[in-house]
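Only one structure is covered here, and it is reproduced in the block below.
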Amino acid sequence: MASGVTITLAIAIFALEINAQAPEPTPREEPSADALLPIDCRMSTWSQWSQCDPCLKQRFRSRSIEVFGQFQGKSCADALGDRQHCEPTQECEEVQENCGNDFQCETGRCIKRKLLCNGDNDCGDFSDESDCESDPRLPCRDRVVEESELGRTAGYGINILGMDPLGTPFDNEFYNGLCDRVRDGNTLTYYRKPWNVAFLAYETKADKNFRTENYEEQFEMFKTIVRDRTTSFNANLALKFTITEAPIKKVGVDEVSPEKNSSKPKDSSVDFQFSYFKKENFQRLSSYLSQTKKMFLHVKGMIQLGRFVMRNRGVMLTTTFLDDVKALPVSYEKGEYFGFLETYGTHYSSSGSLGGLYELIYVLDKASMKEKGVELSDVKRCLGFNLDVSLYTPLQTALEGPSLTANVNHSDCLKTGDGKVVNISRDHIIDDVISFIRGGTRKQAVLLKEKLLRGAKTIDVNDFINWASSLDDAPALISQKLSPIYNLIPLTMKDAYAKKQNMEKAIEDYVNEFSARKCYPCQNGGTAILLDGQCMCSCTIKFKGIACEISKQR
């Protein structure tokens, strides 16, 4: 991790005003007592099979979700699209790839002949380096440059419903024969900027303080987390993490798993999307929606390592992405286009910032806190969130990168009063800790998860320091400007216009298909939330139960 000047991360604690307003009532009727029985997912019947696509030699059908599972009924986790091999009755009008005077790679990619035998993998399969009579003419010659993880991550996709895309459309290991170098002022290291990235800057910034918010109403807390993870295009309280549509099946190619049909970094120990255990953590968080006497302490700290802007024309896309676009049917088939969106995302990042977001939610037991005389400020002091955390790069160690320091005194977890000693970390004050970190290596994420599984409740500033030290190896998108994924379809590709129109429609249908409007309404002003095919009710502060049907005043 990097910083050329001292950046102080002093944890300034403040309490937010609690918003206890009830959500707007739904115009639909509330469920009767019978409706509180488990409601299973209900889908429409399959459509008729489409005509046989003459080029893909497949036909398709689809269905829709009518009602999502609710009140502990079966979730909607089955595919909405289906495909079947068929024998076409029409001829396929194939377009022959023609690179003209350029070199055609074995992958079909066209590159300039000046890129042959330069030591770079310009074709993506090294076929441009396979027939060289002399030593390669290296673009960077004898200059020392390293591959940039920020550059590799730039442009990564976003799913409008919060899912992690499986692959990236951009080949950010293509340099077009250039040796554009970017200097990291903290480590004095030079990195090579990929061709697809028009602008890349190493700029380390960090929040001056950890941002802390506390919520007494579960819905407000959950709503904040959900909206942080979906885009502004998605106004529904709906999240989807599980892939339901099969990857695109290419003609003459056996069906592959999502992992094999995606572009990953060379280091398999680093998760390319850098958000770990997301579904599991949201399920844990949702389990508190109908519980009472809980308080939620939300802690966030952000570190930016750099900024990027992608080229808006002439980008080099991965062969896999282009093949998957070609494998889309010209007619609109919902399941096929949904599968494409779940592979690459609904949008890509045209510009943004890279780094990491450290985010934890502490679930506190209000009754236990009141009984033992523990205040919210006591909990924060126990966790070390009243300390200064300094991120600095001493001059004498600039070449070794930055370091973080903090001193957490765990005696601060002991509170005395009325002749009693309360250990905040052990005496049932902190019920749970849920992590939503973005960025950092999988190793650090696993270490944090193992610590939580052992029952540790004091995930503190020291854990933040360990995580932050791994950001250089695995940065994540922390802010971005989005562009629709269909803008990347090359205009010269056969049927490009039709497929672009289909994909635009698919994004709209995708949001409408997985909408909380297909949930039964909750009672007493509760709000329906859709989480991975299952509807749940988030109750106002005076009610509880799976449908908010029980008054807390009874």
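Here the Cβ of each residue, glycine as well, is placed from N, Cα and C on the backbone.
The signal peptide annotation in Swiss-Prot covers 1-20.
Under the heading domain 'TSP type-1', Swiss-Prot lists 40-93, citing sequence analysis as support.
A sphere of 10 angstroms centred on the C-beta of Cys76 (disulfide bond) encloses 26 other C-beta atoms. Annotation source Swiss-Prot lists disulfide bond at Cys41-Cys76 (among others), citing similarity to another entry.
Counted within 10 Å of its Cβ, the other Cβ atoms near Cys86 (disulfide bond) come to 17, all protein chains included. The secondary structure of Cys86 (disulfide bond), as reduced to three states from DSSP, is coil rather than helix or strand. Under the heading disulfide bond, Swiss-Prot lists Cys52-Cys86 (among others).
Taken from Swiss-Prot, the feature disulfide bond covers Cys55-Cys92 (among others), and the record attributes it to similarity to another entry. A sphere of 10 angstroms centred on the C-beta of Cys55 (disulfide bond) encloses 19 other C-beta atoms. DSSP gives Cys55 (disulfide bond) a coil state; it is part of no helix or strand.
Mapped onto three states, the DSSP output places Cys99 (disulfide bond) in coil. The Cβ of Cys99 (disulfide bond) lies under 8 Å from the Cβ of Cys110, each of which sits 6+ residues away along the same chain. What Swiss-Prot lists as disulfide bond is Cys99-Cys110 (among others).
If you look up Swiss-Prot, you'll see Cys105-Cys123 (among others) marked as disulfide bond. Reduced to three states, the DSSP call for Cys123 (disulfide bond) is coil.
Around Cys132 (disulfide bond), a 10 Å sphere centred on its CB holds 13 further CB atoms from the protein chains shown. Under DSSP, Cys132 (disulfide bond) is assigned to coil, being neither helix nor strand in the three-state scheme. Marked as disulfide bond by Swiss-Prot on the basis of similarity to another entry: Cys117-Cys132 (among others).
What Swiss-Prot lists as disulfide bond is Cys140-Cys179 (among others). Close to Cys179 (disulfide bond) in the fold, though at least 6 residues off in sequence, lie Pro139, Cys140, Arg141, Arg143, Val145, Arg192, each with a CB less than 8 Å from its CB.
Summarising the annotation, Swiss-Prot assigns disulfide bond to Cys382-Cys413 (among others).
With a cut-off of 8 Å between CB atoms and residues at least 6 apart in sequence, the same chain places Phe68, Gly69, Gln70, Ala516, Lys518, Cys519, Tyr520, Ala528, Ile529 near Cys535 (disulfide bond), listed in sequence order. Look at Swiss-Prot and you will find Cys519-Cys535 (among others) tagged as disulfide bond.
Sorting the domain 'EGF-like' (519-549) by DSSP state (H, G, I as helix; E, B as strand; all else coil) yields 0 helix, 12 strand, 19 coil. If you look up Swiss-Prot, you'll see 519-549 marked as domain 'EGF-like'.
For Cys522 (disulfide bond), other Cβ atoms within 10 Å of its Cβ number 27. Feature annotation from Swiss-Prot assigns disulfide bond to Cys522-Cys537 (among others).
The disulfide bond annotation in Swiss-Prot covers Cys539-Cys548 (among others).
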Overall pLDDT for the domain 'EGF-like' (519-549), taken as the rounded mean: 88
Residue pair Cys539 (disulfide bond), Cys522 (disulfide bond) - Cα distance, angstrom, rounded: 8
Distance [Cα-Cα, Å, rounded] between Cys382 (disulfide bond) and Cys41 (disulfide bond): 45
Three-state composition of the domain 'TSP type-1' (40-93), taking helix and strand from DSSP: 0 helix, 18 strand, 36 coil
Of the disulfide-bonded residues listed as Cys55, Cys105, Cys537, the one whose CA lies nearest the CA of Cys132 (disulfide bond): Cys105
Densest Cβ neighbourhood among Cys413, Cys539, Cys548 (disulfide-bonded residues), 10 Å radius: Cys539
Per-residue Cβ crowding (10 Å cut-off), top of disulfide-bonded residues Cys52, Cys92, Cys105, Cys110, Cys519: Cys519
